[in-house]
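In TrEMBL this protein carries:
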ACT_SITE  A:H37  active site, proton donor
BINDING   A:30-37, A:147-150, A:V176, A:184-187  ATP binding site
BINDING   A:Q61  beta-alanine binding site
BINDING   A:Q61, A:Q153  (R)-pantoate binding site
Number of protein chains: 2
Amino acid sequence: MEIIKSIHDMQSKMMQWKQSGKSIGFVPTMGYLHEGHQQLMKKARQENDIVVTSIFVNPLQFGPDEDYERYPRDEVHDTDIAKKEQVDILFYPHVNEMYPKDQTIRMTVHQRVDVLCGKSRPGHFDGVVTILAKLFNIVYPDYVYLGLKDAQQVAVVDALIQDYNFPIKLRPIATVREQDGLAKSSRNVNLSDQERIEAPYIYQALLHGQKLMQAGEQDAEVIIKEVSHFIHTHTHGKIDYVDLLSYPELERVNHINEQVILAVAVYFKHARLIDNVVLDQQGSFATAIV
Amino acid sequence: MEIIKSIHDMQSKMMQWKQSGKSIGFVPTMGYLHEGHQQLMKKARQENDIVVTSIFVNPLQFGPDEDYERYPRDEVHDTDIAKKEQVDILFYPHVNEMYPKDQTIRMTVHQRVDVLCGKSRPGHFDGVVTILAKLFNIVYPDYVYLGLKDAQQVAVVDALIQDYNFPIKLRPIATVREQDGLAKSSRNVNLSDQERIEAPYIYQALLHGQKLMQAGEQDAEVIIKEVSHFIHTHTHGKIDYVDLLSYPELERVNHINEQVILAVAVYFKHARLIDNVVLDQQGSFATAIV
C-alpha cells in the first residue's frame with residue numbers, strides 16, 4: 001500500500017491508472033476506521049482494479065459547536081486497517097494541502113438537508129460536498145462507496161454527482177449489524193448493560209414499520225406514530241426523531257407512493273443512536289437506492 | 001467534426017480519448033462565434049490532440065434584467081466556424097440536458113466578483129462557475145481556453161480550478177485587436193463613425209497607464225486618474241469604470257507591488273466597450289497571467 005500526501009502526486013498517480021483503463025473504487029473517510037469502513041473497503045476491493053481510501057478530517061463539515069480539534073485520530077491503527085483490507089493507495093493529506101486558503105467559491109446544499117440529522121447541523125453538508133468535489137477531482141474514481149447508515153449523506157452525495165455530472169457511480173453499502181440487529185457503531189460501547197439490551201428494538205421498530213407498509217398501510221403519519229410507540233414501549237431511550245421521507249429526495253410524503261426512508265435517532269444516556277431502512281412503495285427493502 | 005448533444009455520449013467519447021493518452025483542449029462558448037472564439041480554437045488546435053468546443057447559452061449566468069431568451073443564436077454559422085477551425089467535437093446540449101431540474105447544490109463566488117463588470121451583474125459568475133464545473137466533468141479537458149478580454153472571468157475560473165482541484169490548466173488568450181489597437185468586439189459595429197475614430201483611444205489610455213508604471217509610478221489612484229483623464233480628453237465616451245486591481249485576486253491595491261490589471265469600461269451611444277491590460281509590477285505585459 002502506498003501512502004500519498006500531496007494532491008499533485010495523487011493526481012499524476014491516478015491519471016496513470018485511469019489511462020491504463022483500470023477501474024478505481026474510492027472510500028472517502030475521516031479516519032478512525034472501524035468495521036463499517038472495512039465493509040466499504042471490502043466491497044470496493046471486490047469490484048475494482050484499484051482501491052483508494054482517503055483519510056481527512058474535514059474542518060468545513062464541523063459546526064462551531066462541534067469539536068474539530070478533538071475528533072479522534074489514529075494514523076497507525078488506520079494504516080494497519082487499510083493495509084489489511086488491501087487498499088492500494090491511502091490518500092492522507094494535511095489540512096493545508098486541501099485548504100491552502102479560504103475557498104473563493106463555495107458550495108451550498110439547498111435540498112435534502114433540513115431534515116433528519118441535517119436539521120441540527122446547519123452547514124454540515126456544505127462542507128461534505130465541498131471536500132468530496134475536491135476529492136473526486138483528485139482521485140478520479142469510477143465508484144464511490146458510502147455507508148447507508150448515514151443515508152442522508154448518501155442522498156446529498158447523489159445530488160452532488162447528478163448536479164455536477166461527475167462521471168462516478170455511487171455505491172451505497174448496507175448497514176452492518178450485530179447478530180441481534182443493532183446497527184454497528186463506535187457509540188454502542190457507551191451504552192449501559194440495560195441500554196444494550198434495549199437498543200436492538202430500534203431496528204425492530206423499523207421492521208415493525210416495514211411490516212405495516214407491507215400490510216398495506218400507506219399513511220406516513222400512521223407509520224411514524226406506530227414506530228415511535230414501539231420504541232417508547234420497548235426502550236428507555238428518548239426519541240430525537242422518527243421520520244418517513246421520500247428517498248433520495250428526502251421530501252415529506254403523506255400518502256406513500258414511491259421509494260422512502262424510515263429513519264430514527266434515539267438518545268440513550270451517553271449515546272445517540274441512528275438507524276434507517278430504505279423501502280420501496282410496497283415495503284420491500286429497496287435494491288437500487290439511488 | 002462530430003456534433004454531440006447528450007452528456008452520456010460525450011462522457012463515453014471523451015473517456016476514450018483520455019484513456020488513449022490524447023491531450024484535450026476545450027473552448028467553452030455561448031455560441032454566436034466570432035474572431036475572438038476562433039483565436040481560442042486556433043490556439044487549442046495548436047496545443048492539443050483533440051479540440052472540443054461547447055455551445056450552450058447558460059440561463060444561470062443571466063440576471064433577471066438580462067435577456068436570456070433574446071441572446072443571439074446561429075447554429076448553422078457556428079457549426080461552420082467550428083468546422084473551419086478544425087474542432088473535433090462540438091458539444092451542443094439542450095438546456096434540459098444540462099439542467100434537468102433545479103440544482104440541489106449551488107456554487108457561489110465570494111471574491112473577485114464585486115468589482116469591474118461583475119459589480120453590476122450580481123450572481124453572473126455563480127452561473128459561470130456552475131456551468132463550467134459541469135462542463136469540466138463532461139469534457140475532461142487538459143487545457144481550457146478563455147479570452148483575456150473578459151479578464152474577470154479568467155480570474156474567477158482560475159479560482160474554480162484552484163479551489164476544486166480540477167486537473168486542468170487554464171490558458172488565457174490575449175485580446176485580439178484591430179490594426180489601430182481597438183479590441184475586437186461584436187459591439188464595435190454599433191459605434192458611429194466618429195465614435196469608431198475615438199474608440200482606439202481606450203487602448204491608448206491603457207498604454208498611457210502602462211507607461212506611467214514603467215516610469216516608476218506606483219500609486220494606483222494616480223494611474224486611475226491619469227487614464228480616466230486620457231479617455232475624457234480623447235473621446236466623447238462616458239466612463240463606467242477605470243480600475244487598477246491585483247490580478248487574479250482582483251483586490252484593491254494602493255501601492256503597486258504585484259501583478260495588476262488595469263481595466264476600463266466606456267459607454268458610447270449604442271455600445272459599451274471594455275478593455276484591459278495585465279501588467280507585472282514594473283509595468284511590463286504579464287506573461288504568466290494565472
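Yeah, the Cβs are placed from backbone N, Cα and C, and that goes for glycine too.
Less than 8 angstroms from the CB of A:V176 (ATP binding site) sit A:E35, A:G36, A:Q39, A:K149, A:A183, A:K184, each of them six or more residues away in the same chain.
A separation of roughly 10 Å, to the nearest angstrom, links the Cα atoms of A:M30 (ATP binding site) and the residue listed as 'active site, proton donor'. Comparing the binding-site residues A:M30, A:L33, A:L148 on other C-beta atoms within 10 angstroms of each C-beta gives the minimum for A:M30. In this structure, of the binding-site residues A:Q61, A:Q153, A:S186, the smallest number of CB atoms within 10 A of the CB marks A:S186.
Around the Cβ of A:H37 (active site, proton donor), the same chain contributes A:V27, A:T29, A:T53, A:I81, A:G147, each under 8 angstroms and 6 or more positions distant in sequence. Spatially, by CA atoms, the binding-site residues A:L33, A:Q61, A:S186 include one closest to A:Q153 ((R)-pantoate binding site), and that is A:Q61.
Within 10 Å of the C-beta atom of A:G36 (ATP binding site) sit 19 other C-beta atoms, taking all shown protein chains into account. For A:L33 (ATP binding site) paired with A:Q61 (beta-alanine binding site), the C-alpha to C-alpha distance reads 18 Å. A:L148 (ATP binding site) sits 19 Å from A:Q61 (beta-alanine binding site), counting Cα to Cα. For the pair formed by A:Q61 (beta-alanine binding site) and A:S186 (ATP binding site), distance between Cα atoms is given as 20 Å, rounded to the nearest Å.
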